[in-house]
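Below: the structure, in structure tokens.
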Amino acid sequence: MLLPRGFNRAVVTALGVVGTGTLVAAGPCDIYSSGGTPCVAAHSTTRALYSAYTGPLYQVKRGSDGATTNIAPLSAGGVANAAAQDSFCAGTTCLITIIYDQSGRGNHLTQAPPGGFKGPEANGYDNLASAIGAPVTLNGQKAYGVFISPGTGYRNNAASGTATGDAPEGMYAVLDGTHYNGGCCFDYGNAETSSTDTGNGHMEAIYFGDNTVWGSGSGSGPWIMADLENGLFSGSSTKNNAGDPSVSYRFLTAIVKGKPNQWAIRGANAASGSLSTYYNGARPNASGYNPMSKEGAIILGIGGDNSIGAQGTFYEGVMTSGYPSDATENSVQANIVAAKYAVAPLTSGPSLTVGSSISLRATTSCCTTRYLAHNGSTVNTQVVSSSSSTALKQQASWTVRAGLANSACFSFESKDTPGSFIRHYDFVLQLSANDGTKQFYEDATFCPQSGLNGQGSSIRSWNYPTRYFRHYNNVLYAASNGGVHTFDATGSFNDDVSWVVSTSFA
């Protein structure tokens, strides 16, 4: 793999002077270095984590021609150049192919290979993340995080300088505390080099979610826990630590660190306030965790054995050499707060109004008289006009509702079957009654953006943002621009996912 220049780093203390002579506040990895526990891996799609870093943050690949480009900070130590991504990806889709390591060690994260579990992509690889699934702003500047859907994962099984055996290390990640599930396992950190489960104590990674198969904290979750392999741990007990609270800050700082027979969990609101310690003590009281047998691979969004059931959103994170002090981590947290993470719009293009009734017309040349409709639970396209029957007009009419899982997006309720919504199931769109579950809410939430073919809107799945409303043989799917399903075919994709929205027929 050819990698670009620019991976040099500057080690500074409280402040760094960059080439222009401008005084720049220390980044997280500068702070860790000054504390004697330097970063050995530093990953972020949103910003530079060293004050002098000007190299690439991540790479995107576009669907139109397979070309790639690297996205760098706007300036040394700065926020990602999201405008460069937006320009490169205009009128097509983009995936995040590489998350570069800013530490200089080359510990880049790429598409995770198959392991104990296979991913959904060709040859058992995991999916890559959409480049636009997690927009944010940092100090008012737009950037994109990494939105992990089940099946998506990144990995490096040949990392350099990461902790092995019982060696000390620390790690933090900034996550979306509202995006999680109970699947295994949304992790960031140290894992097996074989992508298989090699036994207790062979991992040390941050976990976030509400899985209760192993450990848990207080309340109903989600929790920050440590994935130490064959267990998600909230403390010394293999089960519950009441001191590990449920946390759902929109921006969440999560910390795990470990050294011989001592480890800790810490957390905070990444937008304000200071860190709290949720656990600090001995290793779990089960065999295999003291001493640890860490292997030093790096994972994001998956379990050590490539378990792919989890979801979450990652903005930035690092791994260190040595066990960071609380004081060092407190300074890192202050830096994260100063970055001023904030939400950004999830939609673009023609606006929708909650409570309005709409119809959606296909724009593919074959099908411009066809509208998105349903026949029972099947969502399809049908030829509809002003002279159509009242029943057909109603089948092709939809009420716009606030997104059931995220009110920044939308859900679409059937006009003739109130209480039933368009949702995806196995990536087939269907009309289903709202059963009130978190899964239904997520599967029925969609985010319109400017139409990929320049007409109307393309309607993106909120929880699988690589996937869009697509008509294929007149049936509706949540389809990606290329993939393993027949309905993911790249031919006419932009046309098939672009819809002109109008006032409803009924």
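Indices start at 1 and increase along the chain as displayed.
Heads up, the Cβ atoms here are built off N, Cα and C, so glycines get one too.
Just so it is clear, the model here is predicted, and its values are computed rather than measured.
The signal peptide annotation in Swiss-Prot covers 1-26.
Under the heading active site, nucleophile, Swiss-Prot lists Glu229. Other C-beta atoms found within 10 angstroms of the C-beta of Glu229 (active site, nucleophile) number 26, with every protein chain shown included.
Every protein chain considered, the tally of other Cβ atoms within 10 Å of the Cβ of Asn285 (N-linked glycosylation site) stands at 11. According to Swiss-Prot, the feature N-linked glycosylation site maps to Asn285 (among others).
For Asp305, the entry in Swiss-Prot reads active site, proton donor, with the evidence type similarity to another entry. Counting only same-chain residues six or more apart in sequence, the Cβ atoms lying under 8 angstroms from the Cβ of Asp305 (active site, proton donor) belong to Gly115, Gly116, Phe117, Glu192, Ser195, Thr196, Asp197. In the three-state DSSP reading, Asp305 (active site, proton donor) counts as coil.
As annotated by Swiss-Prot, region 'ABD' applies to 344-506, with the evidence given as similarity to another entry.
DSSP assigns Asn375 (N-linked glycosylation site) to a strand. Residues within less than 8 Å, Cβ to Cβ, of Asn375 (N-linked glycosylation site) and separated from it by at least 6 positions along the same chain comprise Gln382, Gln395. Annotation comment: Swiss-Prot describes Asn375 (among others) as N-linked glycosylation site.
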To what whole number does the mean pLDDT across the region 'ABD' (344-506) round? 99
DSSP three-state assignment for Glu229 (active site, nucleophile): coil
Rounded to the nearest angstrom, how far is the Cα of Glu229 (active site, nucleophile) from the Cα of Asn285 (N-linked glycosylation site)? 14
